[in-house]
Structures are given as C-alpha cells and as structure tokens.
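J.: Feature table excerpt (TrEMBL):
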COMPBIAS  A:260-274  compositional bias 'Low complexity'
REGION    A:234-283  region 'Disordered'
REGION    A:427-446  region 'Disordered'
REPEAT    A:39-81  repeat 'WD'
REPEAT    A:98-140  repeat 'WD'
REPEAT    A:185-227  repeat 'WD'
REPEAT    A:298-339  repeat 'WD'
REPEAT    A:385-417  repeat 'WD'
Amino acid sequence: MWKEIGDRESGKLRPNSFITRIRSNRASSLHLSNHKELVSSHRGSVNSLQVDLTEGRYLLSGAADASLAIYDIQRATDYEAGGLIAKHKPILVDKQHQNGHKYAISTAIWYPIDTGLFVTGSYDHHIKVWDTNTTQVVMDFKMPGKVYRTAMSSLATSHMLIAAATEDVQVRLCDMASGAFAHTLSGHRDGVMAVEWSTSSEWILMTGGCDGAIRFWDIRRAGCFSVLDQSHSQLGRRPPLADKSTTKVSTSKARAPQRKVGSGSSSKHSGTSKILKHAKGSAKQRLHPGLLTSQDRATAHYGAVLGLKATEDGMYLLSAGSDSRLRLWDIQSGCNTLVHYEIVRLQTSKAIQLAVTQDSSIVFLPCMTSVKAFDVWSGQSRMTLQGHYENVNCCFYSTHDQELYTGGNDRQILVWSPLKLIPDDADECDRRTEQPSAVDEDNWSD
Amino acid sequence: NKHTFQTKNFIQKYISLYGTRNLAFVSTVIGYPTVAVAGDRKTTNFAAGDRILIPNQVFLKPYPFGSESDPKNLHSMETNNTPSTSRKRVREDDDSVPESNHSLSLEDDLIFSDTMVALQMMCAQFPRIDKVTVEPFVLQSQLYSSVKDRTQVDRELESLRREKVLRVFKLNTGQDDHALMFMEDYLKQMKRAVKSMETKKQGVFPVFEWFEVHVIHSKPEPCIGHQELLSLLSVGGKVKDEDISLLINAGLLTRQLIDSEMYWFAIPNIGSVLKGITQGRKELLSLLNRKKYKEMMLAILEKKRLRLSPLDMRFHLRDLLGSGHLKTIQTPS
C-alpha cells in the first residue's frame, strides 16, 4: 500500500490505476462493518435503498410499513463502544404523514440532480414526489396497479420523466415538470417488475416483466426496439471489430417486421392455428411499425424478471430472474453472454435490487438471506455476506466509500465495509482522565 | 506411470473379470490405447462391454483390485485426495459458509476438464431401465456437478448445440431442467417412436420425415413458434392441422405452461423416466432430511436403491449435486 503511494508520487503508477486498484481491493474484502451501524426504525421489511448520486451522503430507504427514512451515512449521530462504532440515526422518518402512503413502499429514489426531492412508489397505486426539506408531498400520480419500481435517468438533461413499473402491462412515464403522464409503453404481456434507465443514453429505458421478457425502449419512438432472447447467445465478450470471425450467431437474430398483416395481429388474439386461414382480406388492424415487436415473444428468463442493473459503462446489463438465474447481456448485440452464476435459489415474489461495482467487476445479488458477490465475468462466487436474519430485498453499493448497504425483511439495514483497523491508541488512552493508561489496565483498574 | 496394453481383448477381459466394482477407462485421447485404472472407495457398476472414456488428466497406478471391502487400500489418482470417507449433506436453500467443495461424489475423483468427455462418460453410464428402452441423455445439472467451471460448460454446450452435435430439451420436471442428448441417439429414439406410432395407426405419415429433415436439422433451439414450424414443414409438402397433432401425439413436440404459442421439442417415450426423476429426487432428499443431522455417509448412500425411480442412485446424486440441493463434505476417518 505504501509502496503504491510512493509509486504514484513518483509517477510510476498513474493516478487512475492507483484509484481503481485501491477500490477493487477494498471492494473484494467486504465484511459486516465493525465501525458503522445504521439504526433502523422501520417496522416493516426494507424494500428499497438508494444513496444519493450527487454527494453520496444520504441514504434513502423505503419500507413495507409505509415509512421512509433518510440516513446521513457520513456523519454519525453518536458513537458507542468508546468511539469505535458510529451509529447513524435516521434524520427523517415518516409514517403517519397525512399525505403519506397507505401501504407498503416498494421503491424510493432520489431525484438525480440534487437531494431536494425524492420519489416514492407504493403498493397503494400511487407515486409521490416529496420535498425533502419540508417533508411534504409535492406531486401525486395515480397508477392503475401496484407500483413495483420507479426510475429516473441520471443522465437526463432534457426530460424529467419517472418511469413506473406496475402490475399493469404498460409502463408509464410520469412527467415531473408538468404533473401529467407523458406516454405509456406497451409491449409486455404481464406486469412489469423491473425498470432501469440506460447509463449511456437519456432516451433508452430497459424494462423486465413478469412474463420473463426484457425490452429496450427508446422513448422518442413508439414500441420497443429490442427484446432480449436468452437463446441468442455469444460466447463471452464480443470480438473486437477487426476480427470479424463470428463467434456469435443466431438463426433469426433480427426479427424482421412481419409483412403479412393478418399474421401480425395474431398475437393480440389468442387464436393459434387459425392464423393461416385468415386471409389478408380480413379486417384486422394494421399495426404501427413500432408495435411489431409486441409480437416478439422471446423471453430472457424462464420466470419473471426480478431485477435489472446496467453497468456504468453502459455496455452490459445484468438481469435476475425467478428461475434462479442471473444473466449478463451485451447491450449492443443483445446477446446472452452465457456466464453462469452459481445460484441455488432466489426469492420469487418480490423484486430485488442488484448492485454492481463501478468497474463492473463484482455484482452483488441478494439470494434469500444472504448477499452473494460474484465475479462478473467468470461467474464465480467471491463472497457470501451473511448477516440478515430473513430474506434480503435490496442492496446498494456506494462507490465513494466502497460500502454495501443491504436491507431485508428483518427490518434492518446492514452496512458492509472493508475492515477498518482499530488503532491501538484507542486502548491506551483513558478517555475520561485523558491520561495514557498502562498496558494492562482495564475498566476495573484503580 | 502409464500401462499400455496392446490388445483390446485384454481390456475386455479385464473389465469382465473385475467388471462391476472398478472404474476403468479406455482412452484414445493420447493416441494410443491406454488403460487408466482409477479406483477408490467410490464404485461404479460397469458391465462388460461398456463404452468408456478416460479424461485426459488421469494417470495410472497399479493397485490391487478386488479388495472392495477395504476402501483404504484403493487410493485415487488425483493428487490431492486424502483417503477419507465423505458424507452428503442436504444443503439448505441458502448456504452459510461454503464447505470444502472438493468433489468427492461417486465416480468423481476425476474432475473432467472437458464437457464433451463428461457428456460421453455420463451417456455411457446411463442406467438400464427395464420397461422402456431409452437412449441415454444427460441432465444439465449433472454436468455442473462434474465439471468445475459452469460458465465453460454453458459455452461449450452452446457451441456443441450450434454444431448440431447434441440437442437441448427443456423438461417439465422443474424450473430450469434441461436434458442433453446426442443427435444420433435422438434420431434413433425418434425413429423408434415414429415406428410404433405408425404401426398403431396403420399408416405412413410423411410429416414425420418432413419433421426430421426440415425442422430438426435446421432448428437447434429447444423451442419453435407455430408459424415457423408450419413454414418449415411446408418445405416438405402440404401441411394439415392434423399433422401437428400427430407430432404431439408421437411425443416429439409438446407445449409448456410458459407460453401458449410455442412448441417445445421433446424426447418421445420418456414420460416414465421423467416421473422417475422427480420422484427419485424427492425420495432422496427426504431420505437425507429424515436423518438426524441431515447427512449420510456416501459409501452407504450409494449402495441404496431408490424405490420410486428406475434410475440409479448415481444419476440422482449427480443431478442434485449440480443443482445445489446437496453438497459433499470431506470428513476425516
């Protein structure tokens, strides 16, 4: 460690590689934090966690008892055990607010630009926008079904849309600037459980549904432009452009828009073998070219898609499904990279929140009562973080401090950080009298 | 030390003499016939004349055969196995600290580095079932238990599937169960099913041939959409709706609950085997769950016979190890 600092000073090691080396070292050795603890005052399972993106200072959590809490994770409220454990109490807890949610809060996210606003979505069919300083509900959107997830794009400069994934088949975009709905995206055949904005473009949205499909939408156009299919696979990373040997293949990669109108609208009706019999002269609606992908029934998972996470470089997407699989997709080619993560079982009823480190080397996945850290490219399990008493629902990795926050059904929020070396001087100084105590003194010494 | 034996006869005699209790492999990987004998307390039932293969990392050592009752005499060929017995434990759904993952299951002293070798070996070890003749197939979870790197397995399976060396079938026995069968074996099984169907219905149906020629050979995926199926079959001739019902009745196509529009390829006539798989799994897991500490010695376990499943214990053990429901732990003594 010191040698590396010396190298950086002398210029042998570039600052960026120094930073990434330290960060990856710290990220690969996470333990239940021995110096930091969050005092959770939730009375229901913690469903959603997010640290704000601007300063990395405030953690927002939403729980199943309709309560929210904000923690300042950098300044502790008090210290315990002789100053060794910092306890953070929530700054803001809201349970009985008259405009608050009535049922469980399933998602709570910060406004990406600053911490003045945050957005919550709940099983009571409402999405509310809150002002943080006054704790008042500023805007309220009513959805047709339970809200599973909301997302706002952190790259957006020209829109302030909240994408809402509900148990309704349509994904709605709510506009914060006007208070109305911007548009709806249809194409899924069942409720939508996961929604993520792309990390490379402010217009691209990725959604995962209970039907197992993952769709990519460009919100400026109608319909989705891509549906991920688990049988389209490539063996690992794509070969660089110079080497055009096709390691990736697919028999029917780009689904060409169906020219036959009669067959095109068949998926809207549930008849199967009657397709050929309906001649083109029948009065079926012509489908808008953008909606042709609604017939694409490719699935990314054999069950529901429970969580999505895009890597920060915008090249890969991780998706967790209720078939107990975590898949890594190459976004550009739309192929499954066939990395196998060893998972035995995932909880299937609730959406889960995944986390990825910034250099996309480790992915944290809540598997039942533990959080497993996998190496993204080889699929091997690096660490198993066992600390919760019940199922873990969400996790968030803070790049700033290399800490992982996890929340579960046991109403606790646990902090996982690289171990901090407790300095020995803490034992030597007696805090009360400010005199250095002898080495063999303890609390009962005279 | 490698013992090289010149004649095949010797190998056959060797196996027939010591056949049932020893693990013997013949390899042509290195280019000349070699007999690798890896023995241990794990035993496999090998009948004389079985087709067997050796993974290319095993070396030989002579050791006395026949002392089956004394497992300590037989040591394995892998370098770091200590002669110890092992126990099987039912893994809870989420596991705590990962135990030593040293694969000590039945035949696996030998951790295969190659998926193809593992596949061939497992096909060769496919149990013989009395009532039905089924060509050997391998479950994907069994592969995971023998080859260490699962990503590698997935990728090799994908390339084998694309080259049409084997076919992948999605089974309805569980959430993510897949069966792998070599193309030749599948075609044999299919012909058998078609023949029995044709004798039952007393007619020759061209749709089966169209199916084999046009659909099987051009579509390596496990499922096919209705439209595509019709268009591929039409290449052979005029297709009627009853033809698809024929295919479903013969067991070549099936539908699953996931999607009402898709047909899934299926292995015909293995219904009883699939039932045996699910029941055997349940029986084995309940057997272990009833024990005091939910674990059992492997040597004792492998000798048991499952009541409800026609498949042998080794098949089920590999399957459950690969899917994560069981794990093995080394114990001293």
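Note: Cβ is positioned from N, Cα and C throughout, glycine not excepted.
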J.: Is it true that the repeat 'WD' (A:39-81) and the repeat 'WD' (A:385-417) have 3 or more CB pairs under 8 Å, sequence gap of 6 or more?
T.: yes
J.: Taking helix as H, G and I and strand as E and B in DSSP, count the residues of the repeat 'WD' (A:185-227) in helix, strand and coil.
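T.: The counts are 0 helix, 22 strand, 21 coil.
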J.: Would you list the DSSP helix, strand and coil counts for the residues of the repeat 'WD' (A:98-140)?
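T.: Its residues divide into 0 helix, 23 strand, 20 coil.
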J.: Kindly report the helix/strand/coil residue split of the repeat 'WD' (A:39-81) according to DSSP, in that order.
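T.: Grouping H, G, I as helix and E, B as strand yields 0 helix, 20 strand, 23 coil.
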